[in-house]
Amino acid sequence: MDPNATTPIPHPPELASTAEKRLIEAENGEPAAKRVRLDEDGGENARDSAVKGDAANGQEHITPAASEIKPDNRVKGQAPIKAEYLVEVIHNNGRDARDEGPDDDAAEGRTASEPSGKVARKGKKGQNQARDFGRSADSIRLCNSRMLSDEFSPKHCSFGDRCNLSHDLRKYLAEGRRPDLETFGGKCPIFEVHGWCNAGWKCLFVRSHMEEVEREDGRKELVLLRDLTRSKKPEGEASEDGPYGVVNTVASVDKHRMGRSKVDLSRSVEYSKWMDQYTNLVKQLHNARVDEKKREEELGELRATFVEPPFKPSEKRRLYFGRETPVLAPLTTQGNLPFRRLCVDLGAQGTYSEMAMAKPIVQGQQSEWALMKAHESETRPPTLSPETLASNSPIVKVYDNSRDLRFGAQISASSHPLAIKAAECLTTFLPHLRLIDLNCGCPIDMIYKAGAGSALLEQHNKIERIIRGMNAVSGEVPITCKLRIGVKENHPLAKKNIERAVFGSPDFRNQLGAPGCAAITLHGRTRQQRYKKPADWGYIAECAALIQSYRDKRDELTDTVREPDASTLAPSSEVFFLGNGDCYSHADYYKAIDESHVDTVMIGRGALIKPWVFEEIAAGQYLDKSSTERLGYIERFCRYGMEAWGADEMGIGTTRRFLLEYLSFAYRYVPIGLLERLPPAINDRPPAYRGRDDLETLMASDNYRDWIKISEMFLGPAHEGFKFQPKHKSNSYEMEAEG
């Protein structure tokens, strides 16, 4: 198998002219990605002694002088890069900035093992708290009544003479905004695809879809162009007031009704009250059993007070997780709509929203409901082979692929009343929802201290009540949950939590059956554990065996109590089990399935570093992506970002911000062709190195200024009010001096 083989992808025609020509070199002539100071003894002679190769391929591979090459000591935790690509990078503090590897806990928030008051460690370590991204806005604010209207036919402004925004279109275009961007050939990417632009006059490419028309009376009018013949009929909602092809948009009036408690959630309230009563009854039964003085008659009286739940759960839509369905993990900040859309393009068969909190969902807060938006590509069924669909497997026989989709929502909640209400709200207002996932693993301090996320790991009874209640009100939408091994190291809790989520406690199960959890994902780490330690796939394998034992004994369990009810069982009477942690290649993926016996693998950081990991899984081989191909993915993200957030000043600022968040992971990718041995490990950090061309070197930079330069290849110069602070301080360099 050729490790350098790659699957061809379409490249933007303007890529070479707009991106590669914008590659910026540093003042000393070295690639901007590396602030290289050559060894004092070698000076310029060290550079002269470098050997240039691969001239025939148009690439410049630089080999350091013999004195610069260090012995191959195979350092644990360090990526094994070929000697000819290594360089020496010395910063003012006399150490390599890469000596401190990136702290992936920064992506999830400070954990309890770190102090919440004074910062324990200062300088370049740790994460930047309360990051400021500045503000990208026009100097003159154009009224929305003018934004999408031609000059002589504006919409009515509800504020009238009291409006403090500009209604003078020509003044706005001349003085109130930056000049049009020159990237993408000066043509609006949204207009080129859809035939109209929902940013209207605020678009930073507006010159490409406007014209001045002379009317019969001699007046000249500025008009917006529309060419709806360019666009295909969307599967999702499309309007000139919102993103094209985006589904799960909730009307403002509905969110306002939620905020005023005007939405009917009586089913949730009724079920929560019943569950509180039944939980109290279970406690009394338990106390009666342990009290030897209680007579059997009293136990019988307590059992007689049992009341059936007010309603039964609806039968759920069938799910399928298997070898062909790698799943993108729910990712805070990075798991935005454009990135998920990119991963679906590259082969992700399942996606999740960023984690939303139950209480703001119930209150109708815009920030949480915005996380529920999905692209129409996420509403398509997972791609399965004809052999799988024709299988005689009992799971596949009851699975309807045409009714399935890829996008699921993830929520966190600290109590069953909140979780039940949130589940009812989501299933009421979101028509495109594969499943609702309960987060029982988030390590963020704020979530943990509120009793949600990983705090639930120590409260297995609460996990069962939440899943049982959500399952009761979610209609046909299945309920799943995501766990960690536990809270503290050497104190695993996952097996107990899986037992409660799948089987239920004996008291509940005897009367109500199983809770109805359709799938469980286990992240192979504890809350306390750092990302520098590998995920525990051995423990995941033990939990997979527990799930299999449930499958084997399911009929035995249900037959001893009552005839199983389809509404109390997981879809297809199966509980799928997903593993999560350190999956970085097709080799990791298939090893997890074959050796740990999970149904499929959920991929998080691996997809952030190289989104084409899904392509590798489908191809069954490593793909050595060139710098041009990788830049094509960045361009695609920018296009998707502008479609989602707009091509105006604010939308491009938002796209730039989330692109930089993506690049804060993507720079860590070490091309396969530069490695001495395979497989690559996700926690291996590379020493300073040069790429096979200048663009590849730039993409490997851990300096956030270089990430901004990459963003400017497609989004133009950053607005003067734009700011960016990386999550991890080691990427910031001189940020303290900048204030």
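Counting starts with 1 at the first residue shown.
Placement of Cβ uses the backbone N, Cα and C atoms for every residue, glycine included.
Matching 137-170, 273-306, 545-578 against Swiss-Prot, the residues noted as zinc finger span 137-170. Looking at 187-212, 395-420, 603-628, the range annotated in Swiss-Prot as zinc finger turns out to be 187-212. Same-site candidate for FMN binding, as annotated by Swiss-Prot with PRO330, LEU331, THR332, GLN410, HIS523, ASN580, GLY581, ASP582, GLY604, ARG605, chosen from LYS373, LYS449, LYS482: LYS482. Between the binding-site residues THR332, ASN580, ASN580 has the most other Cβ atoms inside 10 Å of its own Cβ, all protein chains included. Among PRO330, LEU331, THR332, GLN410, LYS482, HIS523, ASN580, GLY581, ASP582, GLY604, ARG605, the residues given in the record as binding FMN, the maximal Cα to Cα distance rounds to 21 Å. Taking the Cβ of LYS482 (FMN binding site) as reference, residues of its chain lying under 8 Å away and at least six apart in sequence are, in sequence order, PRO330, GLN410, ASP437, LEU438, ASN439, CYS440, GLY441, ILE520, THR521, LEU522, HIS523, ASN580. Of all Cβ atoms in the shown protein chains, 25 besides its own fall within 10 Å of the Cβ of PRO330 (FMN binding site). Classification of ARG605 (FMN binding site) by DSSP places it within a helix. Taking CA atoms as the reference points, ASP582 (FMN binding site) and CYS442 (active site, proton donor) are 17 Å apart.
CYS442 (active site, proton donor) sits 10 Å from THR332 (FMN binding site), taking the CA atoms of both as reference points. Taking all protein chains in view, 22 other C-beta atoms sit within 10 angstroms of the C-beta of ARG605 (FMN binding site).
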